[in-house]
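What Swiss-Prot records for this protein:
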ACT_SITE  D7  active site
ACT_SITE  E66  active site
ACT_SITE  D138  active site
BINDING   D7, D138  Mg(2+) 1 binding site
BINDING   E66  Mg(2+) 2 binding site
Amino acid sequence: MRILGIDPGLRVTGFGVIDVSGHRLAYVTSGVIRTPTADLATRLGTIFQGVSTIVRDHAPDQAAIEKVFVNVNPQSTLLLGQARGAAICGLVAGGLPVAEYTALQLKQAVVGYGRATKTQMQDMVTRLLNLSGQPGSDAADALGMAICHAHGGNTLSTLGGLAPALAQKGLRVRRGRLVG
């Protein structure tokens, strides 16, 4: 099964594609969609077109996207919601089922700790997918979203699904930290 993860943002939208076979996770591609400094409609169109292109080029079976959180600044929350909507439209236009997870669910499923830092997310994604280099934070969050979906969005402690992948690499999670 191929899963596309999306980390929505008005300026930068991260994407990550992984293949899942049993408990094995394989990296396919990741990156970001950068919007131009332009009016809102143009930026949303760029996100929609970018996501549509990724769906067309990589043919994922399912997609997962981060839910919007209510920020201190309501204007920022509204803009993020619109960017997220443009990405969802690109996914749905490509015929994909879309799952949604909160940032807390994402961090718990990937790192094992709901208050994990960006660096911890990047480190864990790099290790789980056996990447030679560390992806940027937006791409890492998107890859993490795909990993979260691959394992049903459950926490690392209840899932057993990541345990074999971690054990193969000589790793385990203890108190929300990756230890070897």
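Glycine is treated like the rest: Cβ placed from N, Cα and C.
Feature annotations (Swiss-Prot) mapped to structure.
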residue : record      : Cβ neighbours (10 Å)
D7      : active site : 25
E66     : active site : 25
D138    : active site : 24
### Task
Please report how many Å separate the Cα atom of D7 (active site) from that of E66 (active site), as a whole number.
6
### Task
Rounded to the nearest Å, what's the C-alpha distance separating D138 (active site) and E66 (active site)? Just drop the number here, would you?
12
